[in-house]
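If you check TrEMBL, you get these features:
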type: DOMAIN; residues: 249-342; note: domain 'Transglutaminase-like'
type: ACT_SITE; residues: 257; note: active site
type: ACT_SITE; residues: 316; note: active site
type: ACT_SITE; residues: 339; note: active site
type: BINDING; residues: 379, 381, 428, 433; note: Ca(2+) binding site
């Protein structure tokens, strides 16, 4: 309990570094005056004192230093109580402890046993020290959390079961380090670096994805999940980590960004590093590192996939971990970005970070690791180009998207969303923001950017950098906006309007080309579901609405599990002006969870889940999947009776909590006829009286 490790299951001793723990030794006889006990500790293969993977020390006076120490606390005739303290920068991992009596030089050391040493956020001398007890409870010990997904205007919370204290998870997390190519190539050196959270987190960031190294999770962004599990079916990390471990380290299919982030949060919390999951809305994936996301569209506003290499995802999820940056200096201590989603290679492997959040905010993109990529994720510009058939391109005005919005994480001690955008950048348009932007450009390209919105462009395919004083596209004399006329519900027709307004005192004609597509959360189009043209005459300062209906039958076959649709209107105004209007829609669904009675450890309690068939047709073969650490063992699968069109129904089941405190229960309604409908509830479990 003193080490905050009592939640780890099993009989093995688990302790944190830089903190004392006590052993009671039973001796065959009392020690004589000149005798003492010598301890030997080893971790990893070819352990050596030079590499700090081996320590040999004897019972002595207390020593406040960077070494392992043993102090005798009490002795009776044949028993001795000894306090052992590890240095706050000790290598973490599984140790073998042996001992011998000093007078018996030739005697072989006797094996006492093994224990696991973890990072210690409670120890002020540890690089991972975090000063707030509330934050340590949340970011180290909380075994469930919330991941924010959706779109900027409609952010949705999804529960996630981290489960870092479940059976075998600690062993699996240690084996992730041992399966890393860094370890396979040079085990002794790799283990000797495991005192350093910078090294450990970077290694884990590479191992959570399966690119390069048969890591834990295989990514898939094509919308096809044959031979595996859809990323949206997972509700926690435990099943994924068990599957990888039991399948002899075969990558688990499939993950997307929130899955990689959820798994990495489990691993780092388990090893003792304070970690949280962060969502960035309108997140740039800037492949050519020019700080702009260049999107090419046709005359209907449809993305031209073969020309558009950069992308802007509806949201992207990564991690932040809290530790000191001895390599950069104390001003960069604190939250560090780590991203296990395989997007770009870093020093030859798919990994990202740790990048100091402070360095990103200050534009210090030259500092280790991967600053330019993370800076672009939250700061790039979104630029739209109309591609003509003669292969010329033209800048199109589009004010719908600003990159790096509503950067979100779960609040400490509650389920609310906290906006942490201010940790990543200064207020949009402020003088400080422009200064930081210019500094980042200078560090990246070695050139001065005269203003915030002048862009440094890549010239041709030769990879030369030149300054291109690109003026933003001129603001057109007509504005456009999509407006929902009723909430977009899964299984229903979508009703909305394109609202056009003439800003001038002269009449104008507008040709509108409308397109709509089902998309993945990366905004990659899956199938077109709308394609129509209108011509509208707008009188002086007149506003008009073009009504749009997309029937359920139009989108039902091609809707992905992301439940997202992208609408685009390319507007051609008199005098050659062009305007692109876009709207991302997430379809809504319904599920509620109610606990019928008080929740007490060891006592069964009934849970009632109310759900609605979203479709205008009868559905069968629905299954309710239930999971929650400390509430039930593994996953519960419940068959749901057939549901009439739009029928509301209830399912009841009982759970027997095994752990007290706030516990997250997750439910997932799975059907072959519509995308998953998920919900979660936090249950406060009391200890049995």
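Each residue, glycine too, has its Cβ placed from N, Cα and C.
Predicted automatically and left uncurated, TrEMBL annotations should be read as such.
Projection of TrEMBL feature records onto the structure.
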{"residue": "257", "record": "active site", "Cβ neighbours (10 Å)": "27"}
{"residue": "316", "record": "active site", "Cβ neighbours (10 Å)": "25"}
{"residue": "339", "record": "active site", "Cβ neighbours (10 Å)": "31"}
{"residue": "379", "record": "Ca(2+) binding site", "Cβ neighbours (10 Å)": "23"}
{"residue": "381", "record": "Ca(2+) binding site", "Cβ neighbours (10 Å)": "21"}
{"residue": "428", "record": "Ca(2+) binding site", "Cβ neighbours (10 Å)": "12"}
{"residue": "433", "record": "Ca(2+) binding site", "Cβ neighbours (10 Å)": "17"}
For the domain 'Transglutaminase-like' (249-342), the mean pLDDT of the predicted model: 95
Inter-residue C-alpha distance, residue 433 (Ca(2+) binding site) and residue 316 (active site) (nearest angstrom): 22
Candidates 257, 339, 379, 381, 428 (recorded positions) - the one closest to residue 316 (active site) by CA: 257
Alpha-carbon distance [residue 379 (Ca(2+) binding site); residue 339 (active site)] in Å: 17
Whole-number Å value for how far residue 381 (Ca(2+) binding site) lies from residue 257 (active site) (Cα to Cα): 22
Secondary structure content, the domain 'Transglutaminase-like' (249-342) (per DSSP, counts of residues): 18 helix, 40 strand, 36 coil
